[in-house]
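J.: My structure is below; once you've seen it, I'll send some questions.
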Amino acid sequence: MTKTERYLQLRSMIPEMRRIKRIHFVGIGGAGMGGIAEVLVNEGYVVSGSDIAQNAVTDRLCLLGAKIHIGHGADNVQQADVVVVSTAINPENPEIIAAKELRIPIVRRAEMLAELMRYRHGVAIAGTHGKTTTTSLIASLYGQAGRDPTFVIGGLLNSAGTNARLGTSRYLIAEADESDASFLHLQPMVSVVTNIEADHMDTYGGDFEKLKSTFVDFLHNLPFYGVAVVCIDDAVVREIMPRIGRHMITYGFSDDADVQALNFHQQGHQCRFTVRRKGKEDLDLLLNLPGQHNVLNALAAIAVATEDEIDDSAIIQALAEFQGIGRRFQHLGKFATPKGEVMLVDDYGHHPSEVAATIKAARAGWPDKRLVMAYQPHRYTRTRDLYEDFIEVLSQVDCLLLLEVYSAGEAPIPGADGRALCRSIRLRGQLDPIFIASPDQLAEVLPDVLQEGDLLLTQGAGNIGALSRQLAASELGFSIAATTEVKP
């Protein structure tokens, strides 16, 4: 059976959403929203959307046939049968108001994802950290095995050139977002929980116990024959395990893990390790990603693939040839500066644990390099809630350039801004950070800071990623020239 025939057979088994032909997305430029929109375009729905600015996601959707509006306006929703919104959208948005007046159904992003998953074999990946990488690895393993899954990922899968794709099989692999508790809409066949930490606590009323219980509820959305794949190395995940009334597969470095990593060794961007699985032969693996945290992500993917009887040869090849994800320890090249050549890496991590994992991976892979970090805090609330943790983690680099907080629409909070954080790190006495009041000042400061052999790490979830790419392309007047090809 050809891929086309297989897809047509699949479509005949999946009922279309009744009366729904035209779907409008408010905030379509986000990775999660754009990914769902791309799948729906390819399923034949008429898709439109709006966002405040043009970006790579909106450009790609335009090429696929979606109608994109830059800016929000009531007229944009007039022909829609349903309107999809993300949590970031203000309820007073004119398109939301117009949809309510016109009695057009308004659904959250996760509700639309749940609809896509309803008649498929869903694999949902949740957790405070590692969702995007784990989802990407699972999608790559299934693709390598010829399963041709549909996937929706919160970052660009480099090998596919996109963060979403409509496959021809019954599989749908997707991130599950706990930030607004909307992952409770999903009803997958397999659920992964990578870890649980205090983040997005406003959603849970500042109650960590409520957050933990919500993860348990998420796992109980599995059918009684479903599988929960959980990281036993995470203390909070281990704590909630007795409450999970579903079949579980555990993974980690711990001796009691069902899928265990042994003999870990990192060299540069790659890791080697042995995976031990109950009832299966050990596998010696090469992972084309740096850091122990990425080995944990790979173990989750291996556990899911092994449970679904994917051949070991596909696992071995997919991990060794994995091309990475955009903004996840993404190597952008080596560059000549006035004082010598430096290596530029860009990473999305913005929680203290994520930043710590990135620093650890950089130290392990390039132990002789001086680590220079340009860090942009993300959200005032996160900076406030995890202030002491940020002081501890950011003090671990050799040189710190600290940008002002990227607000993500939040109002400033006194004492939780970049200048205050910079002052607190300086008072700790381990590091003397440089405060960057405006992003456009970064390129002015770097030539005086960087030295021969440095590893420059741009870190954060705001517009620091765009700045990093502008640096790589020398678009900010930064007096460097690429000495190696910049990777996408």
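In case you wondered, yes, glycine gets a Cβ from its N, Cα and C as well.
For reference, Swiss-Prot lists these features for the protein:
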- GLY127, THR128, HIS129, GLY130, LYS131, THR132, THR133: ATP binding site (BINDING)
J.: What is the one among the binding-site residues GLY127, GLY130 whose Cβ has the most other Cβ atoms less than or equal to 10 Å away?
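T.: Max Cβ neighbours within 10 Å, all protein chains included: GLY130.
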J.: Measuring CB to CB from THR133 (ATP binding site), give everything in the same chain under 8 Å that is also at least six residues away in sequence.
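T.: Those within reach of THR133 (ATP binding site), by Cβ under 8 Å and sequence separation of 6 or more, are LEU289, ASN294, ASN297, ILE325, ARG328.
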J.: Going by DSSP, is THR133 (ATP binding site) sitting in a helix, a strand, or coil?
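T.: Its secondary structure by DSSP: helix.
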J.: Which chain-mates of THR132 (ATP binding site) that are at least 6 residues away have a CB under 8 A from its CB, listed by sequence?
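T.: Set apart from THR132 (ATP binding site) by at least 6 residues yet with Cβ under 8 Å, we have ILE153, GLY154, GLY155, GLU175, ILE325, ARG328, TYR348.
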J.: Would you identify the secondary structure of THR128 (ATP binding site) according to DSSP, in three states?
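T.: It is coil.
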J.: Around THR128 (ATP binding site), how many other CB atoms lie within 10 A of its CB?
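T.: Counting Cβ neighbours of THR128 (ATP binding site) within 10 Å gives 22.
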J.: Of these binding-site residues, HIS129, LYS131, which scores lowest on Cβ atoms within 10 Å?
T.: HIS129
J.: Suppose the ATP site is GLY127, THR128, HIS129, GLY130, LYS131, THR132, THR133. Which further residues of the same chain have a Cβ inside 8 angstroms of that site's Cβ centroid?
T.: ILE125, THR134, THR194, ASN195, ASN297
